[in-house]
Amino acid sequence: MPQPGLTTPDNDALPWQTTLLLALQHVLVVAATPITSVFLIAKALHFTDTVTASVLSATFLMCGLGAILQSLGVKGVGARLPFIMVPGGAPIAIFVAIALQTNIQTAIGAVILTSLFYFIALPIFRRCLHHFPPLYHRYHAANGVD
């Protein structure tokens, strides 16, 4: 059971000092995640410094475009919430494993095909939302998510 004073109700404003610290933490994570992901891939696949810099630049560009798309919700694509899109986690390890076992082109192709699958399957997943518990629906309705 949480101790009193350690949590804040959802709609209450936090003190500005706490908000500032949480914002700084968020910015550091948002900046560090793409950098570590790119360096992990570059080291595992023996990229040159020039290629690593190019991949890092492209990663930051795509993170920015993804965040804009999520925030604006262009033509029904995006949550219309301030999501920051960054690479990381298990997909990076899977990408490296595919690239090491085959080649980088196959790994990139796998990413593109997976992205297309998600984009095509999204309407099917949306039809399944009625199977989720009411709390899930209340949260999304309160936050303006379709």
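Residue numbers in this text run from 1 along the chain shown.
Heads up, the Cβ atoms here are built off N, Cα and C, so glycines get one too.
Annotation comment: TrEMBL describes 20-41, 53-73, 79-100, 107-125 as transmembrane segment.
Sequence-distant contacts of the transmembrane segment (20-41) (same chain, at least 6 residues past either end, Cβ-Cβ under 8 Å): 14, 47, 52, 55-56, 59-60, 63, 84, 86-88, 92, 95-96, 99. Beyond the ends of the transmembrane segment (107-125), by six or more residues, the same chain brings 91, 95-96, 98-99 to within a C-beta distance below 8 angstroms of the stretch. If you look at the transmembrane segment (53-73), the same-chain residues 6 or more away from its ends with a CB under 8 A from one of its CBs are 30, 34-35, 37-38, 41-42, 47, 79-87.
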